[in-house]
Each structure stands twice: as structure tokens, then as C-alpha cells.
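A.B. asks: Let me give you the structure first, and then I'll get to my questions.
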Amino acid sequence: MASQICKLDQVLRRAFARCKTTLIMGPPGGGKGTISKKLIKDFHFHHVSAGDLLRHQVRVGTPHGIQARTYMESGTLVPDDLVLEMFMNEVSKLTSSRVLLDGFPRTSVQATALDKECHVDIAINLSLPNEEIVRRISSRWIHSPSGRTYAYDYNPPKVEGQDDVTGEPLVQRDDDKPEAVRARLQEYDKQTRPLLDFYKAKGCLHEFDGTGFPDLVAKDRRSDAIYLSLKPFMEASLAT
């Protein structure tokens with residue numbers, strides 16, 4: 001695989017040398033999106049999301065996007081080397097000294113490939129109990145015609161099972177059902193555990209679970225609790 005990855009030129013390597021690169025990881029439904037937005041706002045990161053980047057490249061029809069589309073339309077995964085090339089091409093354009101990588105790498109194989117081209121200074125892992133995520137996601141119900149979303153733990157409908165505006169019945173998406181959520185989390189754990197070991201061996205892995213703020217965790221505000229721990233850590237890390 002390494003032989004297939006295009007090598008960066010000297011300009012790109014100098015660009016990475018002046019970057020402070022942070023990677024954020026977390027399970028689906030674990031609040032990674034919310035915490036990423038706070039990091040971007042508070043620390044002026046340039047956010048590079050694998051999913052957003054891939055969709056943009058396909059929509060615009062770049063050479064990378066055209067290649068990716070052929071894999072996506074055939075129902076196969078976009079190869080690691082192609083995703084890495086897209087990532088590197090995007091980061092090479094940045095003027096920001098702070099980059100937040102989101103969604104890549106997802107496995108230790110991808111991390112090894114990325115490590116050949118880009119040094120990750122900080123790897124953040126958001127650690128939440130799987131059953132808490134199952135409970136949170138499976139509490140979501142939607143009104144299909146409008147897309148209005150309700151969550152019984154923090155934004156319940158006025159009448160159970162009915163849309164507030166129309167009174168029509170709410171439905172639960174198949175991928176929000178407990179058994180589907182558990183399956184996604186099991187797959188995430190299987191893919192991510194080697195990745196955590198990889199960055200732990202590099203000495204840059206830092207995990208946050210919010211347990212330092214039990215009152216917020218008890219109120220089902222674990223994302224807030226995690227960020228209260230994460231923010232001072234980032235302030236100290238980025239100051240060096």
C-alpha cells in the first residue's frame with residue numbers, strides 16, 4: 001500500500017512541519033460532532049472531516065471524487081490510499097497552524113499510512129459506555145414527513161408517540177433501534193481498538209470520559225462534562 005501513496009513534495013512537508021495536528025475519535029452517537037464544533041470555535045482549528053471531504057469531492061467531480069464515486073456506486077469501500085491522497089491534498093492547502101482530523105484514520109492500517117506523511121501531535125479519544133449511547137440514540141423518534149426529531153430523554157413530544165405540530169405518529173429509524181446501534185458500536189470497537197493502541201504506543205493518545213464531573217454525567221450531559229476536562233488540556237497542549 002505504501003508504494004501506492006503519492007509522496008508529498010517539500011512545500012507540503014514544510015506545511016505539515018508548522019501544523020499542530022490533532023485527531024479526534026469517538027463512537028457513533030458519542031458527541032464527537034458537538035465537541036468538534038467547540039474545539040473549532042475555541043481553538044480556531046481547521047476541521048478536515050473525511051466524510052465531508054469525500055462527499056464534496058464526489059459532488060464537485062474532482063479527479064479523486066470521480067475515482068471514489070466508482071467504488072461507492074459499486075458498493076465497495078473507497079481504498080485507503082485514495083482517501084489518504086484526498087486528505088493530504090486538502091491539508092496541503094491550509095494556512096492554519098492548527099488542524100483537526102476527523103474520520104480518518106479509522107484503523108491501524110490507515111494510521112500507519114498517515115504516519116508516513118503527517119505527524120499527529122494529539123490523538124483524542126472520547127470514551128463513553130456503549131449502553132449509554134444505545135439508550136441515547138434509541139430514544140430518538142422522528143416525524144417522517146417533516147423530519148422533526150424528538151428524543152425522550154431531553155426533547156420529548158408533548159404527547160407520547162405523536163408529532164407536536166400535526167399529531168401524526170412518530171417512527172423510529174431502523175438504524176436508531178437498540179439492536180442496530182449495538183451492532184454499529186461493536187464494529188466501531190473492533191476497528192478502533194487497534195487504532196488506540198497505535199497512538200498509545202506513540203505517546204500521544206489522551207482519553208476523556210467526563211467522570212471528573214459526576215453531576216453533569218448524572219444529568220445526561222456527558223458531552224459537556226468531557227469538554228470541561230478536554231478544554232484545559234487543549235489550552236495547555238496548544239500553548240507549547
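In case you wondered, yes, glycine gets a Cβ from its N, Cα and C as well.
What TrEMBL lists as GTP binding site is GLY29, GLY30, GLY31, LYS32, GLY33, THR34, ARG140. The region 'NMPbind' annotation in TrEMBL covers 49-78. Annotated AMP binding site per TrEMBL: ARG55, THR76, LEU77, VAL78, GLY103, PHE104, PRO105, ARG106, GLN110, ARG173, ARG184, in sequence order. Sequence annotations record features per position, and here TrEMBL assigns region 'LID' to 139-176. According to TrEMBL, the domain 'Adenylate kinase active site lid' annotation covers 140-175.
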A.B. asks: Among the binding-site residues THR34, GLN110, which residue has the largest number of other Cβ atoms within 10 Å of its own Cβ?
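C.D. replies: Of THR34, GLN110, the one with the most crowded Cβ is GLN110.
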A.B. asks: For the region 'NMPbind' (49-78), what are the same-chain contacts with Cβ under 8 Å, counting residues 6+ beyond its ends?
C.D. replies: 85-87, 89-90, 102-104, 106
A.B. asks: Measure from the CA atom of LYS32 (GTP binding site) to the CA atom of ARG184 (AMP binding site) and give the result in Å, rounded to a whole number.
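C.D. replies: Cα of ARG184 (AMP binding site) to Cα of LYS32 (GTP binding site) measures 15 Å after rounding.
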A.B. asks: Going by C-alpha distance, which of the binding-site residues ARG55, GLY103, PRO105 is nearest to LYS32 (GTP binding site)?
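C.D. replies: That would be GLY103, nearest by Cα distance.
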A.B. asks: Taking helix as H, G and I and strand as E and B in DSSP, count the residues of the domain 'Adenylate kinase active site lid' (140-175) in helix, strand and coil.
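C.D. replies: Within the domain 'Adenylate kinase active site lid' (140-175) the tally stands at 2 helix, 12 strand, 22 coil.
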A.B. asks: I'd like to know which of these binding-site residues, GLY30, GLY31, GLY33, GLY103, PRO105, is least surrounded, judged by other CB atoms within 10 A.
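C.D. replies: Minimum Cβ neighbour count within 10 Å, taken over the binding-site residues GLY30, GLY31, GLY33, GLY103, PRO105, occurs at GLY33.
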A.B. asks: For the binding-site residues LYS32, ARG55, ARG140, ARG184, work out the Cβ neighbour count at 10 Å and name the residue with the minimum.
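C.D. replies: Least crowded of the binding-site residues LYS32, ARG55, ARG140, ARG184, by Cβ count within 10 Å, is ARG55.
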A.B. asks: Looking at AMP and its recorded binding residues ARG55, THR76, LEU77, VAL78, GLY103, PHE104, PRO105, ARG106, GLN110, ARG173, ARG184, figure out the farthest C-alpha pair and report it in angstrom, whole number.
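C.D. replies: Per the listed residues, the maximum Cα distance equals 31 Å.
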A.B. asks: Taking only the Cα atoms, work out how far GLY103 (AMP binding site) lies from GLY33 (GTP binding site), in Å, as a whole number.
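C.D. replies: On Cα coordinates alone, these residues lie 11 Å apart.
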A.B. asks: With the GTP site defined by the record as GLY29, GLY30, GLY31, LYS32, GLY33, THR34, ARG140, how many Å span the farthest pair of C-alpha atoms?
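C.D. replies: Between the outermost Cα atoms of GLY29, GLY30, GLY31, LYS32, GLY33, THR34, ARG140, the distance is 18 Å.
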A.B. asks: Considering Cα atoms only, can you say which of ARG55, LEU77, PRO105, GLN110 is the nearest neighbour of ARG140 (GTP binding site) among these binding-site residues?
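C.D. replies: Given the candidates ARG55, LEU77, PRO105, GLN110, the nearest one is ARG55.
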A.B. asks: Which one of these binding-site residues has the most other Cβ atoms within 10 Å of its own Cβ: GLY29, LEU77?
C.D. replies: GLY29
A.B. asks: Using Cα coordinates, what distance in whole Å links THR34 (GTP binding site) and GLN110 (AMP binding site)?
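C.D. replies: Taking the Cα atoms only, THR34 (GTP binding site) lies 25 Å from GLN110 (AMP binding site).
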